[in-house]
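J.: Take this structure first; my questions come after.
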């Protein structure tokens, strides 16, 4: 009995590897050649199945040859991409081809050939690997002289295990002596970097089905003067505080000066007497004229000296002058003879109060 079979009649003659690795997008041929014995007289049946990774699940039929016909519409993820290698498998070639491989095609496939009483099978482990995507290279952190520096390389896609290698492609093309490489993590560390570490570095990401690469330019520069930066920052802050204090001082002085000017203006206004009203001055002269008229009416003999046109001139002339320049008649000019001329005895006899009348010229002006 064959170690892979169940009977000694039908034999699978393929001797190639049973573990196959392919890149996604490629095609694969799972080889399954067989021979029949004279006693194998029954109908020929060929069946390819995908074995489940979990024993609790059932196997999935991929393609079948039975009754001289091939049937491939069983497993939806692979429909249209699978077919027998030979147009007539009964001639001893039960190999299966899968086109356009995908990651989901990874699994264990079994080729089973049956022609009663003979039956035999063979298993293949297919691993569909994804090529590394183009990695990204960059310097992690500042690249300063005297400081530790790290270069990183990372490929987002790709079937593990991925392996990373670094090389220098400018200058002497030798990595710095302090470089420490991590082929799994994709990093390269440089301790106590110097200016000689400047250059262009290339990273290559590789797995069993492909490679991709990227490059990064590194420029190691002198470290900045930290003490000078701190001193400059402190001086800037002090100058800003001084400027702020000066602005506040000027504002306070301006406010005090404005308040002082207001107080001085209030004191000046309190010392200045209010101006006399021109209306009140006019009224005073009008009242004097009315008194003259009333006194003149009591003495008919003096009516010709105090006619109405004479009194009409007094208010108009005085109203044209400012109140501060209104003439004040001297008391010495108030002659008592005028009282007697206007009928002083008559006034006393009538009980009237004597009034001092300023002397006037014939044209009505006050003397």
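Glycine is treated like the rest: Cβ placed from N, Cα and C.
Those TrEMBL annotations? Automatic predictions, nothing curated.
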J.: From 205-228, 229-252, 253-276, which range did TrEMBL mark with transmembrane segment?
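T.: Going through 205-228, 229-252, 253-276 one by one, TrEMBL flags 229-252 as transmembrane segment.
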J.: Summarise the domain 'Ig-like' (3-127) by DSSP state, stating how many residues are helix, strand and coil.
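T.: Helix (H, G, I), strand (E, B), coil: 9 helix, 58 strand, 58 coil.
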J.: Mean pLDDT, the domain 'Ig-like' (3-127)?
T.: 89
